[in-house]
Amino acid sequence: MSENKLDILKLLNEQILDDWVTKMEKTKLTENSTADDKLNKCLVEARNTLEIEAQAVSQLKQKIGSEFKKVMEVIINCTGRVIFTGVGKTGLVGQKLAATFSSTGTSAFFVHAGEGSHGDLGMIKQGDVVIAISNSGESEEVINLLPSLRRIGVTLVALTGDNNSTLAKQADLILEASVAAEACPNNLAPTASTTAAIALGDALAIALSTYYGFTPEDFALYHPGGSLGRKLLTKVKDVIKIREQNPVVNSATATVREALFEMTKSRMGSTSVVDQAGKLVGIITDGDIRRLLEESADFIDQPVKKYMTVNPTTITADKLAAQALQIMEAKEINDLPVVAAGEPVAMLNFQDLLRAKVF
């Protein structure tokens, strides 16, 4: 980076720090403040915290350049795994980033820097990429790992707030996540720095995910127990496979009474209507029958084909259950015939989808 750019960044950081100090002075609590005054001033501090952290993250956009690209290339070409390490708050950041990487297509795990010095380095092999996180770049537990990591033969990436630190100087590549100041009024507790580290790590994870062409289906594969996993993995056949009742009547002979009896017997809210060849030609629902009752009761022994909905919306068993849910919500219906080669094989009910937690 040129000296001019460094000077500009330095001035920006100094300005942010000056602004932060000014805000701290303006919102300083006094002994004479009432409880409500103190609470209101605390709200100001809360807003200041968000502003400081937002500025810290916003400035990271300047750091997405050639070095960031090199880190991507190293990970893409890595023959081993990606390992995060850190201690304290940055250790928690490392755990979070390892989880994010793993769930977005880049296999990764976390090794606590302290435990690494007591045997856990055995999980790290030649060819791995180690991303060591330390805002100061001087965390003792992290620095103590460096000689062993070199002997193992890893590529070392420093995620740090100080490019001149011991960690940065010994790293192969640097992801700089420096901040002007912490959001903590005493400028001590890791706040803005940890937020920046997480944000930069997330940016790397998503950039890699984009490179790999990671899809929602891939995401669901790694999240089978989550809501998205259920939506993207559960198919109609998984929801209806336990249902033995498939209410069907023949359009040529059945009356509305017979259709209603079929619904009652199968405990469904509708009945499929088929032709002589067994192909679906219509559907009649309990809602249709209730509306007819408001007009007259004479319809009950009339042919069902007179009152059925022709060419009803259907779905096949191999479709996603989430698609069935979308159809039901869009059409405002509670039952959806499941067909195979035009023949009804099951009746999917809205409650089936709720029980499968596809929502």
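Including glycine, each Cβ sits where the backbone N, Cα and C put it.
Features as listed in TrEMBL:
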- H112: Zn(2+) binding site (BINDING)
- 71-214: domain 'SIS' (DOMAIN)
- 242-299: domain 'CBS' (DOMAIN)
- 308-359: domain 'CBS' (DOMAIN)
- K89: site 'Catalytically relevant' (SITE)
- E141: site 'Catalytically relevant' (SITE)
- E182: site 'Catalytically relevant' (SITE)
- H223: site 'Catalytically relevant' (SITE)
Integer Cα-Cα distance in angstrom, H223 (site 'Catalytically relevant') to E141 (site 'Catalytically relevant'): 33
Under 8 Å by Cβ from H112 (Zn(2+) binding site), counting only residues of that chain that are 6 or more apart: T85, G86, V87, G91, D120
Nearest-integer angstrom distance between the alpha carbons (Cα) of E141 (site 'Catalytically relevant') and E182 (site 'Catalytically relevant'): 22
Length of the line joining the Cα atoms of K89 (site 'Catalytically relevant') and E182 (site 'Catalytically relevant'), in Å: 13
Model confidence over the domain 'CBS' (242-299) (mean pLDDT, whole number): 90
Most Cβ neighbours inside 10 Å, all chains, among the recorded sites E141, E182: E182
Counts by DSSP class (helix H/G/I, strand E/B, coil) across the domain 'CBS' (242-299): 23 helix, 15 strand, 20 coil
Cβ neighbour count (within 10 Å, all chains shown) around H223 (site 'Catalytically relevant'): 15
Secondary structure content of the domain 'CBS' (308-359), with strand meaning DSSP E or B: 17 helix, 17 strand, 18 coil
